[in-house]
Amino acid sequence: MAATVESLVSYGTDSDSDNETKSNVSPEKVDPDAIAHLQPLKSGQTMSLALLNSAPEVAVKEAVETGVHLDPSLKEVTYNPTYETMFAPEFGPVNPYRSQQMAAPRNMLSGYAEPAHVNDFMFEQQRRTFSTFGYALDPSVDTTSQNSSNSYIGAVDEAEKKKGLTVFEVGPKKHDKRKKVQGGESDDIDNYLGPWAKYVDEKDGAKPSEEEQKELDEITAKRQKKGRNEEEAPAEEKTILHVKDAYDYQGRSYLHVPQDVGINLRTADIPDKCYLPKKQIHVWTGHTKGVSAIRLFPVSGHLLLSCSMDCKIKLWEVYNERRCVRTFIGHSKAVRDICFNNTGTQYMSAAYDRYLKLWDTETGQCISRFTNRKVPYCVKFNPDEDKQNLFVAGMSDKKIVQWDARTGEVVQEYDRHLGAVNTITFVDENRRFVSTSDDKSLRVWEWDIPVDFKYIAEPSMHSMPAVTLSPNGKWLACQSMDNQILIFGAQNRFRLNKKKIFKGHMVAGYACQVDFSPDMSYVVSGDADGKLNIWDWKTTKLYHRIKAHDKVCISALWHPHETSKVITCGWDGLIKLWD
């Protein structure tokens, strides 16, 4: 035991580091019991083990970790603080300029808003009432005492005058001197009839006298009658023959195919090789406004039919003197489309006056009229010999309507398009027909079946307002509104031929008609600049461009029996022959 005490004493006297530690530690901050065993023993003094404090005071956890301070910005406390710790004052210097208003708790910019259970409508109602009349219900007052004057805040006198009504219950006061019907002023709540009630001095309308009413009725009746006549009654049809004799010495009319033009026009033979047209050889003049469509006489092509925006249809000679043979007048608005039957003895015209008319090509008489009160955009006869009495028309109301020319009745409607129908083209030996529309789609139909069996629409596709079938019946050339001509297969699958895309012309916004050369060597089309464009079919290369018209060149036709004759028409009212 003595050895142990001596070692402890020697440890306490010899350790320099401990002496330095003792000199650096303040005696006020060190427990004397805790360092008693480190003090040197005086002479004659002995140390007992009882002087060692085996259980010194230990600070509680919160004093060690946080002391008596609890940070008010903490969101989470990991121990249970005492009441004194929770409500201890915040650390830091006191702000000498802090007022009572600054010391008050705030949860918004302007102060402290106590939670109040008010629905949105009630709050908005009181807010608008306060902003309009200057008073509102006091939300801190019990609702049972809201009849008293102290239940309002703001303009209490105004609240008593208006009986505490809100802005929604008090009508607007438009004029001070005028009163509402049944004697109620706008401030008189009991008789107020609402913001749309009539005033006392307000009449139902300025009623005319009996004489004025009678005259007004006559004018209205005439106007309605005139409107009905213009819209419903078809324009009077008449025709003008421009040649001296309608028949030759043998009794043959101008429909007879000429034999003295150097080629056989009676057969459907096509030339072996076609060539590019180079120059203009003739101009047909007569239309006073733009020409909208031209059609060659079936098989022979010795006559040319044209329709124009001047409401007239004209028949021209393609050979010999190239005269204007006859003019057909019968539409009150611009003629949009024309179509021959198989023999050429009759043709159909479609105009913006909403009428389709069947004409006799030889006599110029209008045989019959058809309408469904919609504008026809295109018309086509069924090419089958046994269905020559049937024709279809694409209408502005998204329908394709099929008529029987003998009865004048609608026999079928094809109603699947989502926009006005622009073209109708018969394919596959006339068993089917293809239609295009403003809805940027292409649909294929079986004849007399009003459900399309093929629907072609891609996000990249544009509207195709002009479609032409190739001479061999295998391809459809579609004038697309993104300035290119697309080629679709006309047999079976109707797939887009991505290798045959003809570009280089500007047609956006115009339905420029496309055509093929008879030997399928070239593709021709007009454009918006009045140019005639000719592409090579195999390479899709733009071979030739001719300035054909001053305005839009709306159609180009390659004569089916000629090697290089192309007919163009434009919105300048001219029809030109190129060779």
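Keep in mind that glycine also has a Cβ here, set from the backbone N, Cα and C atoms.
Keep in mind that TrEMBL annotations are predicted by a computer and have not been checked by a curator.
On a predicted model such as this, the values are computed, not experimentally measured, just so you know.
As annotated in TrEMBL, region 'Disordered' covers the listed stretch 1-32 rather than the other ranges in 1-32, 129-160. The stretch with the most CB contacts under 8 Å to the repeat 'WD' (546-579), chosen from 284-318, 328-369, 414-446, is 284-318. Here the repeat 'WD' (414-446) is broken down by DSSP into helix, strand and coil counts: 0 helix, 19 strand, 14 coil.
Counting same-chain residues at least six beyond the ends of the repeat 'WD' (328-369), those with a Cβ under 8 angstroms from any Cβ of the stretch are 230-231, 234-241, 246, 253-255, 289, 292-293, 295, 297-299, 303, 305-315, 375-381, 383, 385, 388, 391, 393, 403, 405, 408. For the repeat 'WD' (328-369), residue counts in helix, strand and coil come to 0 helix, 23 strand, 19 coil, using DSSP.
Here the repeat 'WD' (284-318) has Cβ contacts under 8 Å with residues 235, 254-255, 257-258, 261, 265-268, 324-329, 331-344, 347, 349, 351, 359, 361, 513, 551-552, 554-555, 557, 559-561, 567, 569-577 of the same chain, all six or more residues outside its ends. Helix, strand and coil counts under DSSP for the repeat 'WD' (514-545) come to 0 helix, 18 strand, 14 coil.
If you take every residue in the repeat 'WD' (546-579) and average the pLDDT, you get 95.
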